[in-house]
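See structure below.
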Amino acid sequence: MRNHKQSDRVLNLPAGYFGIVLGTIGMGFAWRYASQIWAISHWPGDIMVILAMIIWALLTLAFLSRLVRFPHSVMAEVRHPVMSSFVSLFPATTMLVAIGFVPWYRPLAVALFSVGVVIQLAYAAWQTAGLWRGAHPEEATTPGLYLPTVANNFISAMACGALGYNDAGLVFLGAGVFSWLSLEPVILQRLRSCGE
């Protein structure tokens, strides 16, 4: 009975939980930058960034454990028309954690960025190819589709800027803008005409 409950916890850990890292590290970054403008301590921001890094590490271990122990549940999430967009939170948060490491340990930041950007590009290309096949259900056309191509490209641009790769950052920024422009009419049309 106890083993069954433990496996349920791993199975019920969707990739959307990486959104916790997104919010926590975003608040930490905001505090960090505010401490450069106003006379406030940077420590609360650093603590939030470190907390986000710990949460990211734990979620990454759990997600990889789920991938190894229950690959069918991960593949079901990756193939789901709506939930698949949230899988892209993993590379997004990996790159945000890389930004967090920039002031402390640049080689680790570069390594995390490299892993995150490769996964982001591969996953976005795979998911976009699936959308172009014409089999995507209309009711699954939600704002979640922005995550793999729009949000992740913007985060890649931020990470490039933090690491000093400005030209690559401009490429990612452009990719994010053009992805946004291509998805916006489709998502708005669906929301206007089909409702919830």
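Including glycine, each Cβ sits where the backbone N, Cα and C put it.
Source: prediction; values computed, not measured.
Feature annotation from TrEMBL assigns transmembrane segment to 12-31 (among others).
TrEMBL lists 43-64 (among others) with the feature transmembrane segment.
The transmembrane segment feature in TrEMBL is assigned to 85-105 (among others).
The transmembrane segment annotation in TrEMBL covers 111-132 (among others). Beyond the transmembrane segment (111-132), the same-chain residues lying 6 or more positions past its ends with a Cβ under 8 Å from any Cβ of the stretch are 84-85, 87-88, 90-92, 94-95, 97-99, 101, 145, 148-149, 152-153, 155-156, 159-160, 163.
Look at TrEMBL and you will find 144-164 (among others) tagged as transmembrane segment.
Among the features that TrEMBL reports, transmembrane segment is placed at 170-188 (among others). Under 8 Å from some Cβ of the transmembrane segment (170-188) lie the Cβ atoms of residues 141-143, 145-146, 149-154, 156-157, 160, all in the same chain and six or more residues away from its ends.
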State the residues, same chain only, that lie 6 or more residues beyond the ends of the transmembrane segment (43-64) and have a CB under 8 A from a CB inside it; answer 'none' if no residue qualifies.
10, 13, 15, 17-18, 20-21, 24-25, 27-35, 74, 90, 93-94, 96-97, 100-101
